[in-house]
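Annotated in TrEMBL:
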type     : residues : note
DOMAIN   : 82-146   : domain 'Anoctamin dimerisation'
DOMAIN   : 149-717  : domain 'Anoctamin transmembrane'
TRANSMEM : 170-189  : transmembrane segment
TRANSMEM : 236-255  : transmembrane segment
TRANSMEM : 301-324  : transmembrane segment
TRANSMEM : 344-363  : transmembrane segment
TRANSMEM : 394-413  : transmembrane segment
TRANSMEM : 524-550  : transmembrane segment
TRANSMEM : 571-598  : transmembrane segment
Amino acid sequence: QDEGKWDFVLVSDIHEVGSQKEIKRKKFLDELSKKGFTIKKIEDKKLFYGVRAPKQIFRKYQWLLRNPDSRWQNPDAHQDVPVTTRIRIVNFILQNTVTPDLEKLHDLMKKKVFEASFPLHEKEEVREFLKEKWARWRSIFHHQPIEKIRCYFGEKVALYFAWLGWYTRLLGIAAVAGSVVFISGITIFNSSQVSKEICEANTTIMCPLCDQNCPFWYLSDTCTYAKVTHMIDNEATVVFAMFMAIWATVFLELWKRNRATVVTNWDLYGWDEEQEELALQLINNLQHEPRQYQHSYLRSTIVLILVLVMIVVMIGIAHALVIYRVVATALFSQSQCEFLREHANTVAVVTGAVLHYITIVIMTKVNRRVALFLCDLEKPRTFSQREKNFTMKIFTFQFFTHFSSLIYIAFFLGRINGHPGNYVRIAGKWRLEECHPSGCITDLFIQMAIIMLLKQTISNVMEYLIPCIAHKLRKKQQRPKKKRVVLGEEEEEAEDPCKRQWLNNYRLNEVNIFSLFDEFLEMVIQYSFTTIFVAAFPLAPLLAFFNNVFEIHLDAIKMMRLYRRMVPRKANDIGIWLQVLEAVGILAVIGNGLVIAITSDFIPLQVYKYTYSPCVTKNSSGVDCSTGYINHSLSVFRIQDFEPQTRAEALPNFNSTQSKEYRDYRNADDYSYTVQFWHIFAARLAFLILFEHVALCVKLIAAWYIPDVPQSVKNQLLDKKHTNLRKEL
């Protein structure tokens, strides 16, 4: 290895001689010297220590983890260890070197003895290639150089980009399908019989939507809203929901195949993570004893209880948002501004969605703290085990943070609010919100659209701008030094070539273990959005597709230009994320089944068509079967039965003893549920069971039909085993 290359740089403040920190720092560096590390010190405003590991460490590594095939080649022929492996081993040794005070680098950084430690971005061919061909906006539709990414950032990052590229490619198909469904919705827009009936219902007077100052209103006032609803809520969405359930399975199956091919090319198919970790521990310290596997039911119970408490808190937040919307609707409908009065409900929904986004941003920070705390409680055995535990917890928390409000809107809104004359009230005062008369699915659509757009635009802009500005500022702070040295120009010329490179690397934004984890989490949450409630928001895959095309290049530019080099990690799959994605796939079937069965008007309309419509009763052939559906779904209410706190504004030519209508299936005399209600309820359940079973069967068939591992890979492994055994004989 040539002498100019340094594996790692440690940065520390200049401490006073003899101070506690300085002694601790010296002890740590002495430990490294004992292990044969070369250390070089450069002084600037901070102290920089370059660290280079001795060759025998890498020899040991190669010997312990050699391929069985290489035994028959010349054992003295040492190939150089790839840079990524080099950095990984050095990082492991740095993190696990213990000073006489029993402190590791992690503890020293907490005590501010060292400020940073990072591998360097080298001026290698690979880096120049990636900078030019990959981390550029203009290469946005080019194929990603996964092989090169692996050579520079290690397998884990390469697999992330391979997965993201694959996901984006297949999202393209889903996006096209979603757009077709949406466009077909727009074209059927005006021809829907149901919205036509709503628009013509200018004699149907409806009950007021709130307690004070809300007028009775005509059903025909909601004409446009009804049209928009039928744009989303039609037969095509049912098919699309089925399609997305199958798409999710096919995507994962194809990814498994893709991954198997990639990993076999890297010769990592049967790689054993545990063996790797044990080898590194022994290279670092021959006396090392591995930690035994342990499982404590008490710990697991405590963790489970705390996770449930956390989930309850998130559901509580969703309730708080509901209460906000209820109170806001009541206040807006009494405000002076006419616009607010007329659109009180919509304004409340939109501001509620924005508030939801803000709670997501805040809770994300809280969730991370809690998940880390729970991981420390569990005392996982190894780093990879810790990462798995952390992933499961934070995904669960994030899932509830993002989806609890949507679940309420989809399945509870308007189903638990009672009926005129007997409303369910919060604190006995405010009426619970109702769905719009033309169905709840539009509320869900608005909420999804706002959260997805805000999340994708704001998060991406922040993700790029914050590191960018931070990097510029750090550069500015450390510039002015050169102008002062006018006299000592000769010294400045003879400056160490390492110094500038180390300084430049130090000025970049720092990376931590979670840098890649965050990217994965963001993508998996987005994947949940594109599959779980896709029946209500067919444009989700399209938004996700455009977002990802940018995301790939944003991440590339961040990693190459704005952040210090990540410590490469070896991996042969995307880890626990695969199980998380499979779980989301199953949730997607359940979620979409529920949206079609409960949220949308699809089932009531079908029940009406086949049991109560003119087609069935009168045998009239020329009539649209959904004629009369709207009238059928309204119930009658006598005004004198209103509660005392409901004071409605009367309409002109209005008789106070008349009966008015509302959206529900109830009897006119005692307001109990009618037979139709139970009929529809049974149909909803039947559809849900049918949809889920069919979709899950199709998923299973798809999973069986597409083999996880391509035949070529299997044959390659077979030949390898065969050759090795033959050589042994």
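Heads up, the Cβ atoms here are built off N, Cα and C, so glycines get one too.
Caution: TrEMBL annotation is automatic and unverified by curators.
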Tell me if the transmembrane segment (344-363) touches the transmembrane segment (524-550). I count contact as 3 or more CB pairs below 8 A, with pairs 6 or more residues apart.
no
For the transmembrane segment (170-189), what are the same-chain contacts with Cβ under 8 Å, counting residues 6+ beyond its ends?
227, 230-232, 234, 236-237, 239-240, 243-244, 247, 250-251, 254, 530, 534, 538-542, 544-545, 548
Segment-segment contact (the transmembrane segment (236-255); the transmembrane segment (571-598)) at 3 or more Cβ pairs under 8 Å:
yes
Take the transmembrane segment (301-324) and find every residue of the same chain, 6 or more past its ends, with a Cβ under 8 Å from one of its Cβ atoms.
348, 352, 355-356, 359, 363, 367, 370, 374, 377-378, 393, 396-397, 400-401, 404-405, 407-408, 426, 432-433
Calculate the per-residue pLDDT averaged over the domain 'Anoctamin dimerisation' (82-146) and state the result as an integer.
85
Write out how many residues of the domain 'Anoctamin dimerisation' (82-146) are helix, how many strand and how many coil, based on DSSP.
33 helix, 3 strand, 29 coil
